[in-house]
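Student: Sharing the feature lines straight out of TrEMBL:
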- 40: active site, proton acceptor (ACT_SITE)
- 68: active site, proton donor (ACT_SITE)
- 167: active site (ACT_SITE)
- 39-45, 67-69, 330, 356-358, 438-440: GTP binding site (BINDING)
- 40, 67: Mg(2+) binding site (BINDING)
- 40, 41, 42, 43, 65, 66, 67, 68, 156, 170, 249, 264, 328: IMP binding site (BINDING)
- 324, 325, 326, 327, 328, 329, 330: substrate binding site (BINDING)
């Protein structure tokens with residue numbers, strides 16, 4: 001009997017379901033790796049570790065502002081648009097609709113990596129195409145902010161913000177548009193270019209030259225493109241598969257939950273996985289947060305535990321803290337547990353991967369930020385307002401350093417007792433177990449705790 005035909009309101013109230021609407025919990029669960037600080041935590045290394053046994057590896061947001069470094073067999077690989085798990089040549093790499101794609105950059109990266117036998121697919125819904133003029137506008141906007149306010153945001157100038165702005169204003173052009181009617185695509189491209197030229201009179205756009213290139217790009221990417229929603233649905237609901245999603249950027253750079261306005265232009269928290277790939281929340285499985293054993297930040301914005309002294313210089317030098325995408329030195333400071341607790345509230349981490357523990361090997365004493373005070377009173381929240389965050393006073397706990405080399409450690413028992421204490425201290429204060437501890441750049445330099 002078709003109960004919907006006779007009484008759709010009461011369809012789920014029969015005794016067989018106990019009066020509850022049934023949940024569709026079937027399908028393969030998706031494992032997610034996300035940054036839990038301001039980025040550059042070592043997500044690429046964790047993804048690479050999990051990717052060795054994955055069948056599908058996905059990017060869900062961001063663009064080529066991301067820079068993920070992986071070291072395998074002594075060789076270093078840098079990825080910007082492609083998932084860093086692509087090193088597993090048996091896996092299919094997917095770029096989802098939440099990603100903004102700069103086609104010249106993608107094709108260069110794809111060509112370089114396909115020679116190694118790595119397979120790539122692009123979701124047909126793959127968000128907005130980033131054009132060269134988006135990158136030019138990014139730079140012009142930074143100049144404009146500096147002239148008007150005396151301060152800029154410190155973007156990567158990769159065109160991420162302007163491209164997401166085009167998407168939000170419904171003037172952006174997508175991969176599916178490029179592969180359909182090129183005449184219609186050309187008209188819309190010209191209109192979009194004219195809009196930006198009206199806003200920025202100094203902007204020069206070679207419309208005909210760009211369209212000729214885009215027509216060529218269309219044919220080059222056509223064999224790689226699939227419909228993303230159907231692809232992910234089949235992957236989740238088909239035969240058993242291990243699906244891994246790699247987030248770019250990090251929680252404190254999230255457009256909604258980060259240190260606004262000094263943030264990226266996408267949701268790099270767990271919700272971005274659902275919107276950026278068409279994955280239902282019920283199919284999200286483990287969510288791993290990647291945390292550096294100290295804190296770094298690229299660009300401008302509040303940074304409560306920053307150390308503008310010899311400690312910061314030591315962390316920067318020992319940790320080789322230079323942005324993969326920008327080449328800028330990263331600002332460095334002590335580990336901030338207020339940030340980690342906040343990131344966990346939003347993402348609900350299954351476990352942490354704690355990276356770069358070995359950078360602290362030479363420290364006599366290590367500080368950890370455990371709480372914030374404002375006007376002398378402890379505050380139980382992470383301030384949303386950046387002016388307020390600039391004013392907080394950090395309360396620190398001091399821990400003794402272990403003063404010994406951990407880079408050769410491969411088991412928990414190999415770590416010095418004081419290093420073990422540091423790890424347990426972080427776990428206990430944040431309430432999230434630490435599953436991996438990184439003690440070096442290479443794939444094998446990772447201690448698995450459980």
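Note that Cβ sites are derived from N, Cα and C of the backbone, with glycine treated the same way.
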Student: Which one of these binding-site residues, 39, 42, 67, 327, has the sparsest Cβ neighbourhood, judged by other Cβ atoms within 10 angstroms?
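Tutor: Comparing Cβ neighbours within 10 Å for the binding-site residues 39, 42, 67, 327, 327 has the fewest.
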Student: Looking at the recorded positions listed here (67, 68, 156, 327, 328), whose Cα lies nearest to that of residue 45 (GTP binding site)?
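Tutor: If we rank 67, 68, 156, 327, 328 by Cα distance to residue 45 (GTP binding site), first place goes to 68.
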Student: As a test of the contact definition, list every same-chain residue at least 6 positions from the residue listed as 'active site' whose Cβ is closer than 8 Å to its Cβ.
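Tutor: Result: 100, 127, 128.
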Student: Which of 45, 330 has the fewest nearby Cβ atoms, counting only those within 10 Å, among these binding-site residues?
Tutor: 330
Student: When you rank 42, 67, 69, 357 by Cα distance to residue 328 (IMP binding site), which of the binding-site residues ends up on top as the closest?
Tutor: 67
Student: Using all protein chains shown, find which of the recorded positions 68, 328, 329 scores highest when you count other CB atoms within 10 A of its CB.
Tutor: 68
Student: So how many other Cβ atoms are close to residue 249 (IMP binding site), meaning within 10 Å of its Cβ?
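Tutor: Result for residue 249 (IMP binding site): 29 other Cβ atoms within 10 Å.
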Student: Cα within 10 Å of residue 67 (Mg(2+) binding site) is the criterion; apply it to the recorded positions 40, 249, 329 and give the hits in sequence order.
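Tutor: So far as Cα distances go, the recorded positions lying within 10 Å of residue 67 (Mg(2+) binding site) are 40, 249.
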Student: List the same-chain residues at least 6 positions away in sequence whose Cβ sits under 8 Å from the Cβ of residue 357 (GTP binding site), in sequence order, or say none.
Tutor: 293, 406, 419, 422, 423, 437, 438, 439
Student: Residue 329 (substrate binding site) to residue 69 (GTP binding site): how many Å between their Cα atoms?
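Tutor: Here the two Cα atoms are 16 Å apart.
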